[in-house]
Amino acid sequence: MGKKAANDNVRVMVRVRPFNSKEINENGGQIPFCTVEVNSETVITSKPPPGEAGNEHSFPFDHIFWSLPADQMPAPVPFADQPDVYNIVGVPQLDSMFDGYNGCIFAYGQTSSGKSHSMMGYEGKGRGVSPRMCEEMFARIEEAKEAKKNTTYSVKVAMLQIYNEQVQDLLKKGGPNLKIVNDPQKGPTVRGLIEKDVHSWDEVNQILDQGIANRSVAATAMNATSSRAHTVIQLSLDMVDELGQVGAKKISRPRRSRANLVDLAGSEKISKSKVEGANLKEAIGINQSLTCLGRVIDHLVDGKPHIPYRDSVLTTLLADSLGGNSRTTMLAALSPAAINYDETVSTLRYASRARKIVNQVKVNEDPTAALIRELQEELAKMKQSVLTGDVDTLQQIMGTDQPISAANMAAKTQELETVIEQIAALEQKEQEEEEKREQQWISERSELEARHNEELAEIEGMRAQLEQQKVQLEEQQQQLQANLKVKQRGVIMNRMQGLTRLAAAQQKAAEHDETKKDLQREMIVNRLRTSSEKQKYKQAIDEARAVQRNAATDEERCRNLEQELEAARAYIAQLEIRKFGPQGKAGKGGGGYAAMGRGMR
Ligand code: ADP
Ligand code: MG
């Protein structure tokens, strides 16, 4: 291994899955409270659900994938679908593999947070990062073949699972448990693991299907199809660059790279998955290896001299990917639901710690320096043979048994020198490119850090403003509450006065009713009395009229009697005249009938 290793931080990215239909249905068909907010493509903030204790926390990462559709939760960053995740997570890893670097992508997060969706994908929802990487790997190999590049490629695929601290080959049903050994050339290697030579994406696809079918799946209360095992796909790429030929000797440069594509089991606490019996043992096993992974991360970040890789099978296998020779990306999967808030915060903490791990990456190739040295030795031996006239050695070096002419010698020497120069130039160029890449990486990283710091400062500023607003609002609220109390008291007083007035009015109304009733009674009595008096008057009038009528009749009769009397007097007078003559009786006392009549009047 000729090149010096370059520093390379573990890239950590976060993906937030959409709310599922169960979560929406349980919230009465409404979109539930979202426990994370994305501030930019690299900063995410956790938000405690309403009524739950805790503060908001912002975390910087290398990338945030927001996979909640806009109708669930709009965000200031673009929606990330499967190809977007592949382009940012998978493509740089594939580029790196073609450069000869080892790689690792591991998905971390609680059950049903979207790890398998991102790593493998599901029928109908789009393929995940691992199959897309395999497919593009073969597309690139085909392109290189068509462009007649002097490189040959060979690809191998293996698939394993770590279940209850045991390694099982997923390409062999029911095989024995396998051991991990440390290969000085390849790093941690599973001894006896089947590595299938593959020549096309179709072949890989079939192999992945076979591996998935063999996977151990145990139902838990959280997700009936949740895999309780850590699943690893190992993708190996061997490349040989043909540089030329020196005599009988082919000068080639072999490189190889290997990527571990890891879908970890759920990181949730045991109590939540409600597992029992055999499943409980399994859950403890899973947790143990994830706890150990956390410990390895902590030790690496804190710069401890001993890293406890050997404490679990998972960390033994991933030793190179964490702190070793590997370009590593961690994809932290999150659920936005309130019920998962604690796990979400713990995943963000875990992941942000992993971001501080620095790996030492280098191209996996046979040392160019050794090759140059070998060629230089050959050249020196050749020159020595010319000086000493050692024809046999010269013939051996030049791969011929024919006599060697001076021209042949000069041509051969020239050829050897050219190859040495070419290789040295190649090495120089690669060295420069690597330094350039490292510089670029450092400047990108510091730019990113600066941006994060700015964003964090901005968020902090906003938070301080919000805190201030909160204090003001609380004061306003207190004031309003005090006002409200005063008003309430006034309202109560008014109501009491109102009630008193109402009672008085009711009393008056009752009295009024009584008076009204008395009056009505009186009226009735009066009416009755009036009608009986009317009757009496009528009777009196009738009687008076009768009296009047009688009186009139009597008068009439009186008049008649008087007339009769007059007539009688006249008659009497006539009779007297006839009897006594015209002085008659008048002179003698004058009584008679006429005097009677007058006396009767
Ligand atoms: P995990 O592997 O973390 O247990 P899964 O990847 O199986 O979780 O995701 C649980 C469910 O959520 C699956 O049905 C999956 O299809 C769905 N899911 C996860 N992430 C997404 C996403 N980004 N878009 C749509 N569906 C998703
Ligand atoms: Mg899964």
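Any Cβ shown, glycine's included, is placed from N, Cα and C.
Annotations in TrEMBL come from automatic prediction, not curation.
Note that the coordinates shown come from a computational prediction; the quantities given were computed from them, not determined experimentally.
The domain 'Kinesin motor' annotation in TrEMBL covers 9-357. The ATP binding site annotation in TrEMBL covers Gly109, Gln110, Thr111, Ser112, Ser113, Gly114, Lys115, Ser116. Look at TrEMBL and you will find 409-578 tagged as coiled coil.
Comparing Cβ neighbour counts within 10 Å across the binding-site residues Thr111, Ser113, the minimum falls on Thr111. Neighbour density for Gln110 (ATP binding site): within 10 A of its CB lie 26 other CB atoms from the protein chains shown. Cβ contacts within 10 Å of Lys115 (ATP binding site), excluding its own Cβ and spanning all protein chains shown: 29. Secondary structure from DSSP puts Thr111 (ATP binding site) in coil. Listed in sequence order, Lys115, Leu264, Gly266, Ser267, Ala332, Ala333, Leu334, Ser335, Glu343, Thr347 are the same-chain residues at least 6 apart in sequence whose CB falls under 8 Å from the CB of Gly109 (ATP binding site). Model confidence over the coiled coil (409-578) is summarised by a mean pLDDT of 84. Every protein chain considered, the tally of other Cβ atoms within 10 Å of the Cβ of Ser116 (ATP binding site) stands at 22.
Filtering Gly109, Thr111, Lys115, Ser116 by Cβ distance to ligand 2 (under 6 A) retains the following binding-site residues: Lys115, Ser116. If you take the C-beta of Gly114 (ATP binding site) and look for same-chain residues 6 or more apart in sequence within under 8 angstroms, you find Arg15, Arg17, Ser67, Ala333, Leu334, Ser335. The number of other CB atoms found within 10 A of the CB of Ser112 (ATP binding site), across every protein chain shown, is 23.
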